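Q: The structure follows.
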Amino acid sequence: MLKIGPYEMESRLLLGTGKFDNEEIQTKAIEASGTDVLTFAVRRMNLYDKNLPNPLANVNLKDFVTFPNTAGAKTVDEAIRIAEIAKHAGVCDMIKVEIIGDDETLLPDPIATYEACEILLERGYIVCPYIAEDVVLAKRLEELGVHAVMPLASPIGTGRGINNPLNLSYIVKNANVPIIVDAGIGSAKDAAEAMELGADAVLLNSAVSRAKDPVKMAEAMKLGIEAGRLSYEAGRIPVKYTAQASSPSEGLGFL
């Protein structure tokens, strides 16, 4: 069971809803993923004008926890304003704080993110910041009172997988809030690796929506995350630098 603030989810896969070729594929991929949480950029949603296109028109949002994000924000004020729009529209009081600090790499701005989280927490939001794989920042945000921390695997949309498994493992080890690996996942292998490192969940979008077969990839991600979590809970064998026979040595005297 994944718990973020007051929200409880069976699935540890959080799915982004953008970049699908059409609504039919999007709907089938959501179903195949088994997710309980759908995340979306507030600026993409027409929250006040029902006459404008709605990218989630065919999805019964009552079946999911909706998880808006502040994608597109470059300043603290922009992130706060986007969060307020989502809350006032009755979408959800849980917000992914995403403030981009560099247009080329799309890496998050750590200072602005911290400041925005501080304000949103004071206003009663369930706050989940998106950050680089910064061990110290992750801990400082937890101490601030955020409800989950969302370190990237690699830059948004690159599909490079986990660039810094060591830092992610440090973040997980030191955490007392859920750690959700977010951005850069390219395959089910990457998702499984994140879970094997001890992450509580994985958030992904492009890896599914831009796959050759998004529906199959959604199912693959579901299974990869489940396998990775089971592997983490089972406990892998220690890494050794010398070979160790797996067959018993007893009985060799009879040969």
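Cβ coordinates are placed from backbone N, Cα and C, and glycine is handled just like the others.
Not measured: the values here are computed from a predicted model.
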Q: Which of these, Gly157, Gly228, Gly235, does Swiss-Prot say binds 1-deoxy-D-xylulose 5-phosphate at the same site as Ala183, Gly184, Asn205, Ser206?
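A: Within the candidate list, Swiss-Prot flags Gly157.
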Q: Cα distance, Lys96 (active site, schiff-base intermediate with DXP) to Gly184 (1-deoxy-D-xylulose 5-phosphate binding site), nearest Å?
A: 16
Q: Measuring Cα to Cα, tell me the gap between Ser206 (1-deoxy-D-xylulose 5-phosphate binding site) and Lys96 (active site, schiff-base intermediate with DXP) in whole angstrom.
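A: Roughly 17 Å, rounded to the nearest whole number.
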